[in-house]
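S.K.: There's a structure below that I have some questions on.
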Amino acid sequence: MLTVQEAAQALQADWYGDNVVFTSVSTDSRTVQPGDLFVALSGERFDGHQFIISARDQGAVAAMVDKKTDHTLSLPEFGWLSVQDTRLGLGQLSSFWRTRFSLPLVAVTGSNGKTTVKEMIASIFSEAVKKKIKEKNSASGSVLATLGNLNNDIGVPLMLLRLRDYHRYAVIEMGMNHLGEIAYLTQLAKPTVAVITNAGAAHIEGLGSVEAVAQAKGEIFNGLTNDGIAIINADDRYAFLWRKLAGKRRVIDFGIDQPAQITAQPWSGDGKTAWQMNFPGDSVTFHLQVPGRHNICNALAAAAAAFAVGIDQHTIVAGLTAFAGVQGRMQKKRGLHNAILIDDTYNANPESMRAALAVLADTPGKRILVLGDMGELGPDAAEFHHQIGVEASHVGIEKLFTLGDLSEHAAKGFGKGAQHFTSIEALLAAAEKSLDIGVTMLVKGSRFMQMERVIKRLER
């Protein structure tokens with residue numbers, strides 16, 4: 001990958017010790033691999049500098065440390081990079097490494113759907129690589145896609161530092177909870193295509209308004225080159241803002257309700273419910289393995305990104321058809337007593353909750369919603385929860401089970417048929433009693449609520 005001296009030159013940093021070659025980068029001493037550069041990050045509750053010896057013992061060959069660190073420590077066959085701030089140093093190193101690669105790199109952000117869209121894009125890219133190999137346009141190849149929740153100012157640099165010559169495409173997810181965060185990440189990643197899925201109340205607590213959230217998401221276009229392409233959701237009320245922020249760059253928009261370059265409409269010509277996706281000058285039909293109109297919108301976002309990098313429509317459809325979903329996001333599972341469980345436990349905010357309600361409302365049989373608190377909603381959090389309860393009662397959901405202080409407001413909004421619980425065990429007992437053949441139970445809540453506990457107890 002790099003020598004310590006090469007990294008020091010890129011960072012304009014000091015180095016000492018041995019000029020070893022490191023082959024990858026880690027920030028966690030517990031998962032260090034042989035050949036790693038260990039970046040010693042510091043936070044309120046931890047200091048990575050305390051784990052340098054542990055990292056070395058697991059195979060790290062070098063460490064990035066801040067200038068305040070005691071430099072008297074001498075280790076054989078070990079290199080040191082000394083920087084002002086290791087968190088910023090990590091970002092700078094990833095930015096330098098990114099410039100070594102010329103490939104389509106798509107950055108994705110949004111209040112809802114960014115992980116699903118990222119995985120849909122990765123699935124399409126994988127199909128494109130297979131096609132290139134089959135047509136012998138490429139001997140081999142791979143796709144780099146964000147792993148897990150590596151979408152912040154630590155995760156994005158770590159993903160960029162995984163870029164290798166065998167990657168043909170990359171798709172990088174970017175999250176945020178304050179202004180300026182996406183601007184920083186996109187400058188590191190230098191995307192050739194940037195996607196905004198939507199703007200909603202997620203993270204409104206830290207930003208104050210949905211408009212501020214939209215402004216923060218729009219920062220993703222800051223890192224686009226002049227010939228980069230902006231992908232915008234024409235159905236979102238802040239599409240006008242994002243078009244403005246895109247400046248003179250090319251824009252490809254997508255949508256179901258508003259006119260756009262890439263659109264979709266229901267189609268049932270083969271006897272099954274399908275959708276027709278319309279591209280400039282062509283249309284194709286497709287099926288998704290994941291339910292919900294919101295996932296059609298996610299598919300359009302992914303298709304627009306793939307179209308932007310020159311992938312043909314049939315390969316796009318092949319990638320979308322192969323996409324099997326993301327863990328904890330609208331996954332159907334078999335429950336106890338032959339009931340159906342819909343696992344949507346990864347996270348929750350008002351917009352994604354409404355999308356979940358729409359999926360549950362379209363499901364035949366008896367419908368039950370299990371809801372945990374939605375976080376980061378600011379002073380109006382109680383009202384957001386109450387409104388979800390009201391809306392759930394209006395779409396034909398028979399029962400609502402809630403857990404968490406805020407979700408009690410949802411139970412009150414739902415009225416008759418709602419039960420609020422103060423303990424997970426009481427909720428689990430009631431939920432299990434409600435399961436039977438013909439019952440569909442959707443479970444959802446913010447990450448900190450750990451609502452996957454319900455799924456684990458109730459699935460067969």
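Glycine is treated like the rest: Cβ placed from N, Cα and C.
I grabbed these lines from TrEMBL:
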DOMAIN    23-69  domain 'Mur ligase N-terminal catalytic'
DOMAIN    108-306  domain 'Mur ligase central'
BINDING   Gly110, Ser111, Asn112, Gly113, Lys114, Thr115, Thr116  ATP binding site
DOMAIN    328-447  domain 'Mur ligase C-terminal'
S.K.: Within the domain 'Mur ligase central' (108-306), what mean pLDDT does the predicted structure show?
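M.R.: Averaged over the domain 'Mur ligase central' (108-306), per-residue pLDDT gives 93.
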S.K.: Take the domain 'Mur ligase N-terminal catalytic' (23-69) and count its residues per DSSP category (helix H/G/I, strand E/B, coil), listing them in that order.
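M.R.: Result for the domain 'Mur ligase N-terminal catalytic' (23-69), in helix, strand, coil order: 13 helix, 14 strand, 20 coil.
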S.K.: Among all protein chains shown, how many Cβ atoms are found within 10 Å of the Cβ of Ser111 (ATP binding site), not counting that one?
M.R.: 25
S.K.: Just to be sure I understand, if DSSP states are collapsed into helix, strand and coil, how many residues of the domain 'Mur ligase C-terminal' (328-447) fall in each?
M.R.: 52 helix, 33 strand, 35 coil
S.K.: Could you check the binding-site residues Gly110, Gly113 and say which one's CB has the most other CB atoms within 10 Å?
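M.R.: By the 10 Å Cβ neighbour count, Gly110 comes out on top.
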S.K.: How many other Cβ atoms are found within 10 Å of the Cβ atom of Lys114 (ATP binding site), counting all protein chains shown?
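M.R.: Around the Cβ of Lys114 (ATP binding site), 25 other Cβ atoms lie within 10 Å.
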S.K.: By the DSSP assignment reduced to helix, strand and coil, which category contains Thr116 (ATP binding site)?
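M.R.: Assignment for Thr116 (ATP binding site) reads helix.
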S.K.: Using the CB centroid of Gly110, Ser111, Asn112, Gly113, Lys114, Thr115, Thr116 as the ATP site centre, which other residues of the same chain sit with their CB within 8 A?
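M.R.: Other same-chain residues with Cβ inside the cutoff are Val108, Val117, Thr197, Asn198, Asn298, Ser352.
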